[in-house]
Amino acid sequence: MKKIILISCASKKINKKIKAQDLYISALFQKNLQYAKSLNPDKIFILSAKYGLLKLDKEVEPYDKTLNRMRSYEIKEWANSVLSQLQKVVDLNKDEFVFLAGDNYRKFLLPSINNYKIPMLGLGIGKQLKWLKEKIKVSEICHTIHQWFNGRKIHYYHQMYNSMEKHSLSQWFNEQEIPKNGIYILFEKGECAHSTDRIVRIGTHTGKNKLRSRLKEHLNENKDRSIFRKNIGRALLNKDNDPFIEQWNKNNLTKKNEKALDSNSVEFIKQKEIKEKVKEIEKRVTKYIIDNISFVTFQIDDKDKRLELESKIISTVSCCDECKPFPNWLGLSSPKEKIRKSGLWLVNELCKTPLSESDLKELKNILENAGYNI
C-alpha cells in the first residue's frame, strides 16, 4: 500500500510558466506542501482546476480557474478526468490517500477511493494554517531528536546474548556504559522514520539509581514487572488468535498462593499448565526483544526533570505523522488501540505536550553533557 497525498491548487499564483509546486504562492498551499513532504509519502499530486492531476515538477502556465466557481456537473466532469489520470499511476482500491484539499476538490473523487483520510475536515483556513504549523513544528523537532538518538545507538540487547539459561542479565549489556539515572529510548529492527531508525518506546524510572535495573526488568522473564514485555506478549498472542491472551493479561499466581494449593487438586494442575504456557510465551517475548530491540540512554539525575522530558518526548513522537509504523510492525497486532495508532509500545503520555524549542535546547545541553556529539 502506497501513501498518496492530494493537494488542491490555489488562486494566488506566480505570473509565469514554472514547476507546479512553485506556481501556487498562497500561505495555505505552501504549508500544505511542506506538511505533505514531511510525511515522506510515495507520491504527491496537485489537484488543478485547469490541468487536473499535476506532478510537482510538471511545468505549467498560470491560469485563472477554480472549482469554487464551477457548476456541479462541471466539477463531476473534472473529477472523472482526474480519476482517469489517477488510475494510471496509483491503485484506487489499495493505496492510502490523504486529502489536503477543499470539499469541491474531493467530494466527487471520494466515492471511487477505498482508503482515504481528510485530516483537516471541517476546519476553516485560519485553523488549517494553525494545525499545519503545529504539525510541521512537531515533525521538525521529532526529526531532530531521531537524528540525535540514532547517532548514539550503540547498545544492543543481543550483542552479548548467547543462551537465556546460561547468562546473567549483566552480561547482555555493559552496565558501566549506562547511567544510574536517566531516560532510555528504544528502537526496533525494520522500523524507520525521518530517514533513520524509528523510536518505538521512551521510558524512565521513578526510584533513585534504578535505570539499569529498569532495563533489566524488560529482559527478565516476568511480564508482571514490565508492561513492555506484557504488551509484546499480547501482540504475539493476538496475532496468533491465541485465546491464552486472556490469561496473559492476568497477573501470575504469587508463590504464596501457589504453595497454598493442594498438589492433588484440579486447580493445582490447571495453574501448573498455565505457568508452563506463560514460560513459553515469556521466552518468545525475550527472543523478540533480543532479535529486534536496541536502545540508547542518557543521564538525568533529577526525577521530576526525567518524568517531564519522558512525557514530552513521548508526546512529540506520538504526535508526529511521519513516525508511523510499517505494515508488518508487530505492534499493529496489539489489542491496545493506542499502541496500534501511535506506533509506540506505550499507552500513556501520548499526544499531550510535545517538546518546545526551549525544551529542545535544554535536551541538547543534557545530551552534550552526557557525551553525545551533536
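A Cβ is built for glycine as well, from the same backbone N, Cα and C atoms used for every other residue.
Feature annotations, courtesy of TrEMBL:
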DOMAIN    4-134  domain 'DUF6884'
DOMAIN    165-368  domain 'GIY-YIG'
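Sorting each residue of the domain 'DUF6884' (4-134) by its DSSP state yields 52 helix, 29 strand, 50 coil.
Confidence across the domain 'DUF6884' (4-134), taken as the mean pLDDT and rounded to a whole number, stands at 96.
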